[in-house]
Amino acid sequence: MFDDLSNYRPANPALWQGRKDTANQERFFQKITFIDNQNELMTKDKKTIFLGFASDAGIKRNLGRTGAKLGPDQIKTQLAKLPCHNNKHYVDLGNVICENDELELSQSQFAQIVHFCHENGHQICAFGGGHEIAWAHYQGLSSLYPKLGVINFDAHFDLRPYKKGELGNSGTPFSQIATYCEEKKMPFHYCCIGVQKFGNTPSLFEKAKKLNVSYLSAEDLYEQSQAWQIAFLDDFILNLDHIYLTICLDVLAECYAPGVSAPQALGLSPWQIMPLLKYLIQSGKVVSLDIAELSPPLDSELKTARLAALIIAELLDTN
């Protein structure tokens, strides 16, 4: 399957284990399916595809703390145990890995799989890996969804300096998307939720302003009402047909998400972002989503991994 993609690895069924406490298929490990041939995705039976991006090359290039390449499998392991409250069809399609700093190759191959799945009517729920997943994911979507906006829940803008031809990293994905949009003469629709004042330099705030980025600071989420926050999102998505939703786990406070490269002492609580995430899903405009930056070696008692799985489970159960 995907034999022409050297960095693709098929799913590992051993990750999907859990408690069998009823005769019914009530947990994710009992719902998950696997395929042997990509042609099995060319059907009218539409599925939600789990796809991992096992890379922390972008984090290493960004001088961060590595370990996120182990994130996808750990998220799958934790998701497997959770109750599943819907009858959707789920497929674990495996991972795209990154070895020997071949980040651009891995991003290209990940994008090809995303494009193939969406072209055949499926939805992607992807697990990182570093936030370099965002540039890979966007590349797979952009040609299929012309009026596509990006909403990123993140402590950082990830708009670090980037010029075409340079090597990207976990801090440049949205600069890469902006450059791509400029080349294609497309509007750059980018919204960042949970921005930390001391997680971004003044020049990054200036760049966000120059690129007309919509954003809410972490302080905004503490101080403003939920109705005000939803009105802000409404304003951003009003003229968009589709949304690519990406979640960087470092948007959350370190007590909830210690297992990330850049933990945030003043980060958000899960229930500050969950209503906004659910609202976006309920808008019907989200076509693809991912969750990034889980680093199992940096985690404490699986807190971050379990939280990542719970966030995914909540969103998959939102209609």
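Even glycines carry a Cβ here, placed using N, Cα and C.
Taken verbatim from Swiss-Prot:
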- HIS131, ASP154, ASP158, CYS248: Mn(2+) 1 binding site (BINDING)
- ASP154, HIS156, CYS248, ASP250: Mn(2+) 2 binding site (BINDING)
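Feature map: annotations from Swiss-Prot on the structure.
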| residue | record | DSSP (3 states) |
| --- | --- | --- |
| HIS131 | Mn(2+) 1 binding site | coil |
| ASP154 | Mn(2+) 1 binding site | coil |
| CYS248 | Mn(2+) 1 binding site | strand |
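Reported as a whole number, the C-alpha separation between CYS248 (Mn(2+) 1 binding site) and HIS156 (Mn(2+) 2 binding site) equals 9 Å. ASP158 (Mn(2+) 1 binding site) sits 12 Å from ASP250 (Mn(2+) 2 binding site), taking the Cα positions as reference.
The number of other Cβ atoms within 10 Å of the Cβ belonging to HIS131 (Mn(2+) 1 binding site), over all protein chains shown, comes to 34. Cα of ASP154 (Mn(2+) 1 binding site) to Cα of ASP250 (Mn(2+) 2 binding site): a span of 6 Å.
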